[in-house]
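Peer 1: Have a look at the structure that comes next, please.
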Amino acid sequence: MVLSNYTFGLLQNGKVLQREIADPLNVRIMGWIMFLVSVIGIAVNLRVLQTFFKQKMTSFYIMCSSKTLSNMIIILGDNFTGPTFFNMLVNQMVSYGIYLLGPVTQLMISVNRLMVMLFVKKSITQNNQKITVAVLVVFWIIAVGGCDDDIGEAAMGFVILCAILSNLCNLIVVIKLAMSMNKKHLDSESVRRRQAKSRKLFIQNCIQDWLFGIDSVNSTYIDLIYDGILFRFFLDIFSNLMTPVLDGCVMLFFNHGGEKKQSVILSVKKKDTTTQNTGSMGRF
């Protein structure tokens, strides 16, 4: 087996074992798997980003767009190949800095929903977008500049904490919404629609919360159970790549129905406007 100078150096220094070095054929197969998954992931997240840009840019869609962008950077970073120094720099930035943006943004989305539900005020709504953009800019700067390769367990704990807090916020929103519906005398169709939308958002957020949590546990503990190369590949590198891909798929799946509904509404409005204009012209 022909080894690169970098791999040979790690082997000489005892940083890797002979059994941990993959066969060239396996490397090619794993490389092609990652490439194909990455293409799908970029395409899905681009489609989601396009869907968000068609909406009115509220704080919710600004945060969703930011998360989609961080997903794409993680996917591209996992496929980056360059000099050793830049490989290490990009790997640290993507694996810890940009990666942690996902759970943080998801928590921000849940907190935003909770704040809107509990404190419905015009002043909050008017300044919400500016505050959201400012906070996201700060987090992006920290994510790009703050990279440390020795925070594996701390990062895992942080991701799980974000998931738990986000779930709690979403649970409070669901309970609050259910209580408000019981108090108001709404027709059954309106109640069913709002309850269905609430359940849908709750399920979506829970899935997105724990995608990053499961991946963190995989890459921190589960991949250490067995030294097999394929096992560690799928539980570490591939798991890390699949997380932003699946996150994009979840957003695409849950927002696809809303996009179709909005298209129908716009078509109906356009038809009504055309009919009204035709009727007005007919009177002259």
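Cβ atoms are placed via backbone N, Cα and C, with glycine included.
Nobody curates TrEMBL annotations by hand; they come from automatic prediction.
Okay, these came from TrEMBL:
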type	residues	note
TRANSMEM	29-48	transmembrane segment
DOMAIN	35-145	domain '7TM GPCR serpentine receptor class x (Srx)'
TRANSMEM	97-119	transmembrane segment
TRANSMEM	131-148	transmembrane segment
DOMAIN	147-255	domain '7TM GPCR serpentine receptor class x (Srx)'
TRANSMEM	154-175	transmembrane segment
Peer 1: Please indicate, using numbers and ranges, the residues of the same chain that are 6 or more beyond the transmembrane segment (154-175) and have a C-beta under 8 Å from a C-beta there.
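Peer 2: Tertiary neighbours of the transmembrane segment (154-175) are 96, 99-100, 103-104, 106-107, 109-111, 113-114, 117, 198-199, 201-202, 205-206, 209-210, 212-213, 216-217, 219-221.
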Peer 1: Sort the residues of the domain '7TM GPCR serpentine receptor class x (Srx)' (35-145) into helix, strand and coil with DSSP and give the three counts.
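Peer 2: Each residue of the domain '7TM GPCR serpentine receptor class x (Srx)' (35-145) counted once, the result is 98 helix, 0 strand, 13 coil.
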Peer 1: DSSP on the domain '7TM GPCR serpentine receptor class x (Srx)' (147-255): how many residues come out helix, how many strand, how many coil?
Peer 2: 95 helix, 0 strand, 14 coil
